[in-house]
Every structure is written in C-alpha cells, then in structure tokens.
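Enquirer: What follows is a structure written as structure tokens; I'll ask about it next.
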Amino acid sequence: MVNQAPQDDYDDENLARQKEIEDWLPITSSRNAKWWYSAFHNVTAMVGAGVLGLPYAMSQLGWGPGVAVLVLSWVITLYTLWQMVEMHEMVPGKRFDRYHELGQHAFGEKLGLYIVVPQQLIVEIGVCIVYMVTGGQSLKKFHELVCEDCKPIKLTYFIMIFASVHFVLSHLPNFNSISGVSLAAAVMSLSYSTIAWAASTSKGVREDVEYGYKAKSTAGTVFNFFSGLGDVAFAYAGHNVVLEIQATIPSTPEKPSKGPMWRGVIVAYIVVALCYFPVALVGYYIFGNSVEDNLLISLKKPAWLIATANIFVVIHVIGSYQIYAMPVFDMMETLLVKKLNFRPTTILRFCVRSFYVAATMFLGMTFPFFGGLLAFFGGFAFAPTTYFLPCIIWLAIYKPRKYSLSWWANWVCIVFGIFLMVLSPIGGLRTIVIQAKEYQFYS
C-alpha cells in the first residue's frame, strides 16, 4: 500500500493535464452551443461553392440521371448524417467528439485512425485549398465587373488578398467563436443561390438552347458523366465536420445532444434543398448544355447583381474555410500537445494556424484549375466519408439482422457510395489533364 499515494498523485496530475488540454483544444473547449448553431454550421459546411457548378453537372448527366442523382444524394446523405448524430453518444457517458474517435470505436485504435484520418484530412485540406481558389476567383470577377477599365490583376494576387482574411480569422479559438462568421456565411449561401436562379429565370430560356450531351465522342460523354457525378458528390459533403459540430452542443443523460443537433440538421437540409434544387434545375433549363461550370459566369448581366453575388460567394467561402479548417487545427494541436508534449499556449496556436493558412494559400495559387480538382477530390474522399463510411461503422457496431430494413438501407448506400468513389475521380482526372495542357504556373 506504500506506493499507492504517489501513483494516485500521478493519476490526478495526468487527469488534470488531460482536462487542461481538452479545455484548450478547439473542438472540446466550448460546449454551450444552441440548436440553431448546428443549423447554420451545417449549412455553411454543406452548401459549398459547388452549388454554382450543379447546372454544369446536370448538363453532363442529362435530365433523367441528373435529377435522380441529386435526389438520391440528398436522401442518402441525410440518412448517413442521422446515423452520425445517433452514434455521437451511443456509449453511455462518452462522447465521440471527432470522426476518427468514432472510427476507432468501430475498427480499433490503430485501424480506426488509419481508415478515417487520411480521408478526413484529404477532404478538409482539399476543401480549404479549393475555397482559396474560389475566393480568389470571385474577388477577381468582382473587380472585373466593378472596374471595367482597370488593368487586370493576376488571380494569384486575389488569392493572397482572400487569404489575408484567414490569417486573422483562423486565430478564433473554437467553433462557438466562429458562429457569427458561420451565420453570415449561411445567409450568404442562400442569398447567392437565390440570385443565381432568379437572375437565370428573368433571362428566360435561350432560343438556341440544347439539352443533349455536349461531347462529340462517346468516350467524352462517358467521362463527362463521371465528372458530373463527382461534382454532385462534392455538393453534399458536410459530414466531415458533423461530429465536431455536435461536440459543441451541451449534453446530459436526460437531454442528449442528438435532440438539438437533429433539429438543426433538419433545418439545414431544408435550406440545402432550397439552394440546390432550384439552382441545378433552373440553371440547366435556361442555359442547356452551354452552361458554364460556374453559373454566375453564364449570367453576364446585370453587372451590379452578379458583382453582389460574387461578394456573397466570397463571404460564404470565408465561413466555410473556417468550418473545415477547425478540425484540422484540432488534429494538429492535439498531435503537438498530446504526442509531442508541447505546452498548450497561444503562441503555439498562432504558429500552427498561420502555417496552415499559408500552406493552403500557396497550394491554391499553384493549382487553380478548379472544376477538375473538385470532381477528383470529390470522388476520392467525399464519397467515402459522406456516403458509406457512416454505414460501415453502423454495420460494424450495431450489427443489424441480415436482410432487415436497416441492413438493406446501409448496403444500398455503401454500393452507391463505392460506385461514386470509383467513377468520379476518373472524370475529374481527365478534366485536370485537359486543362493543365494550357496552364502556366503563377500566370
């Protein structure tokens, strides 16, 4: 019994240190979010700049398959999101605050990390890079519309201007502290989606509109079809940050966090439908297969309205970038503080986050061929984390009866998700190869 006391002291110290770290890390430090926080965080995470590419994806898929894939994706992703919300607190007294913690619970400590973390990082860093480019492009478009006689400025500089905002915003400590930014972003996404389809409607259907496939060869049509699938997969990709958002909601055994979270998710999904379906269907109906891969580019006039929409896109992308960067900050800070025993200080946080923003900015400036990157990343990492990883975890943990409804539902999602994962990067890669031929670095 003599050695018991020092051991207890050590355990207490260890627990105290763990608690100090948890209170410092961005995801677990603040747990007083309201249900409507989860609504606008989810809208901001899900409605990406991808929504403006939906009419183009429709033109590659055609009316029938296009509508089918849009609706199917909406239903499947809502189902997998429900699964994640349910699984957040399935072990009494424990909360899975991060996607990889859920993966570790399902597949074991090591394997869970290896399955989830690489995919989650590809998604989150991929989104941040793509949003750097989107932000830069929208600023550039705004500049061209507002000041037609100005000397054109390179996209590279606009990406730098966009990144400068993040060098400031990324030092906000946790999810609840960015809720203001996120709310603004969610409102903006609804606004520019509405501008996009309303302005299209007021234009009226073009006289020479065509709805057939644009590619001359069969191979071209097939590849474009795959690429279109990737664009749709990318549009529904908010699942990577769902558990992290739910972690900010308070929870007691009487009132678990899944109640308010689910309410927020339903509101978010209604908003998503209001953004996606009108834009995709109206945009394709008005412009047919000549629609650009960004709907705002097809709408040249009225200039002031399109300029406004572009600024809305910029504000929204600022919010989305923060939402997707937060889990990455959390992983980097966890690694430094828990594994490499750094002290949890403000200076450490400042260095880590500034480095991350600089890295994504640099990559965005180097590879700005936007559309192809979306389809490529979309299939590769979005499809698994959004469409079928939750289902696999659900099957692994709950083990539903063979051929029961739950069993069938999960397997349908898994098959559809794998189908997306395999096909869409093929189309995306081809787009990148074609665009990269004419591309000069830092032009």
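Here the Cβ of each residue, glycine as well, is placed from N, Cα and C on the backbone.
Pulled from TrEMBL, these are the listed features:
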DOMAIN    32-427  domain 'Amino acid transporter transmembrane'
TRANSMEM  35-54  transmembrane segment
TRANSMEM  61-82  transmembrane segment
TRANSMEM  111-134  transmembrane segment
TRANSMEM  155-172  transmembrane segment
TRANSMEM  178-199  transmembrane segment
TRANSMEM  265-287  transmembrane segment
TRANSMEM  307-329  transmembrane segment
TRANSMEM  350-370  transmembrane segment
TRANSMEM  376-397  transmembrane segment
TRANSMEM  409-433  transmembrane segment
Enquirer: Considering pairs 6 or more residues apart, do the transmembrane segment (376-397) and the transmembrane segment (61-82) have at least three CB pairs under 8 Å?
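Expert: Contact confirmed: at least 3 Cβ pairs fall under 8 Å.
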Enquirer: Name the range, of those listed as 111-134, 265-287, 307-329, 350-370, that has the largest tally of Cβ pairs under 8 Å with the transmembrane segment (178-199).
Expert: 307-329
Enquirer: Establish whether the number of Cβ pairs under 8 Å between the transmembrane segment (409-433) and the transmembrane segment (111-134) reaches at least three, counting only pairs separated by 6 or more residues.
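Expert: These two stretches do not touch.
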Enquirer: Kindly say whether the transmembrane segment (155-172) and the transmembrane segment (350-370) touch, using the definition of 3 or more Cβ pairs under 8 Å where each pair is 6 or more positions apart.
Expert: yes
Enquirer: Any chance the transmembrane segment (307-329) and the transmembrane segment (35-54) are in contact, meaning at least three CB pairs closer than 8 A with a sequence separation of 6+?
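Expert: In contact, yes.
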